[in-house]
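Taken from TrEMBL, the feature substrate binding site applies to ARG91, GLU156. For GLU156, ASP183, the entry in TrEMBL reads Mg(2+) binding site. Annotation comment: TrEMBL describes 32-194 as domain 'HpcH/HpaI aldolase/citrate lyase'.
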Amino acid sequence: MRSPKDFFAPLAVGAPDPVREIPALPSRMIHFFDPGNEKMAAKVPDLAKKVDVLLGNLEDAVRADRKEAARAGLVSIAKANDFGATQLWTRVNSLDSPWVLDDLTTLVTEIGDKLDVIMVPKVEGAQDIHYVDRLLAQLEARAGLRRPLLVHAILETASGVANVEEIAGASPRMQGISLGPADLAASRRMKTTRVGGGHPGYLVRTDPVGEDLHEGRTTYQQDLWHYTVARMVDACVMHGILPYYGPFGDIRDVVACEDQFRNAFLLGCVGTWSLHPVQIDIAKRVFSPDPKDVAWARRVIAAMGDGTGAVMIDGKMQDDASFKQCRVVAELADALAERDPELKEAYDEATKEVQQ
Ligand SMILES: CC(=O)SCCNC(=O)CCNC(=O)[C@H](O)C(C)(C)COP(=O)(O)OP(=O)(O)OC[C@H]1O[C@@H](n2cnc3c(N)ncnc32)[C@H](O)[C@@H]1OP(=O)(O)O
Ligand SMILES: O=CC(=O)O
Ligand SMILES: [Mg+2]
């Protein structure tokens, strides 16, 4: 184990100093595209204006015989475009694959100055992050990078879930963790065949009302991902990094997609993945706090002064704890408003209405 004293020392001579704090940049949607797919690649400059994060995906969903085209495509897209405030991430192939070494070597040396975060799939434990950490330091030194690349882990194996706290704290590069429900379901041998979302068979039923065990009993579908998302959020917060929901594969079902995203938002996630352009606006809507909630939060903060004591607002008791919740909402709204003039207007408008 590294000594805490050495945690923020570079892992290779000439590599940049690790960051001490993970920047809380807007990342409501991490938009996946296949950089080797010409149609998708052509949409990237436009999409960059609409999303917080663009992610060039090299792993699953890219055919084995297209891996090299995807990698080369990402290099040329990154070189040809300036994405402004939109972050550029990549998802490399898994650490046991024949492609990952070339993914990391090529991307860091060719476009390391353009990339913000490297997403690592199928992370099993801290050892996987340690491997990537040292390799990135060596490559950063070779490329002469002045800013360290950050690392994002996908939580998609049973052992990854069992080790999630140590993964979250394995390196100062750790930026965040996303739930990977599809691979996680396979790893756990869950009996589902979907990419994220619920399942009608996972339910609870009210007690019987009479002799007939079928009559008058309501069922409620339960969330398959509640435990994992909640555990992931705690691990991330404990280590000062950011939690995300992952993919929702039923592209047509925009309603259930919004529900799944909102559950994750309410539980503490800061964003999600968008797999198709239709999911971008859903993520934006869900992961930007509602103007009414922002107005309420600002009102509570104003009424609470230094944040101690208790006050009554519209019949509801507010104290230090609700003040802190309101600050989470208000600070997120302020950060998003800085980037999005429409949101700023909506938040300020709702705040004015509450003050009148
Ligand atoms: C479990 C996991 O690992 S999830 C993460 C890995 N998976 C992915 O990254 C999947 C990314 N998304 C996709 O590959 C595609 O969206 C698919 C295969 C799901 C659907 O693609 P299509 O059948 O082409 O969808 P559709 O016909 O609705 O697309 C409409 C247009 O949007 C484009 N488009 C679709 N998805 C994307 C995207 N993610 N980014 C940019 N453009 C896209 C299509 O190329 C098409 O362009 P066109 O109008 O010029 O023909
Ligand atoms: O990579 C994502 C997943 O759900 O698997
Ligand atoms: Mg996966």
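Residue positions begin at 1 at the first shown residue.
A Cβ is built for glycine as well, from the same backbone N, Cα and C atoms used for every other residue.
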Residues near GLU156 (substrate binding site) by Cβ (under 8 Å) yet at least 6 apart in sequence within the same chain, in sequence order, are PRO121, LYS122, VAL123, LEU179, GLY180, PRO181, ALA182, ASP183, LEU184, SER187, GLY246
Look up ASP183 (Mg(2+) binding site) in the DSSP assignment and reduce it to helix, strand or coil.
-> helix
Out of ARG91, ASP183, the listed binding-site residues, fewest other Cβ atoms within 10 Å surround the Cβ of ASP183
Please work out the mean pLDDT for the residues of the domain 'HpcH/HpaI aldolase/citrate lyase' (32-194).
-> 98
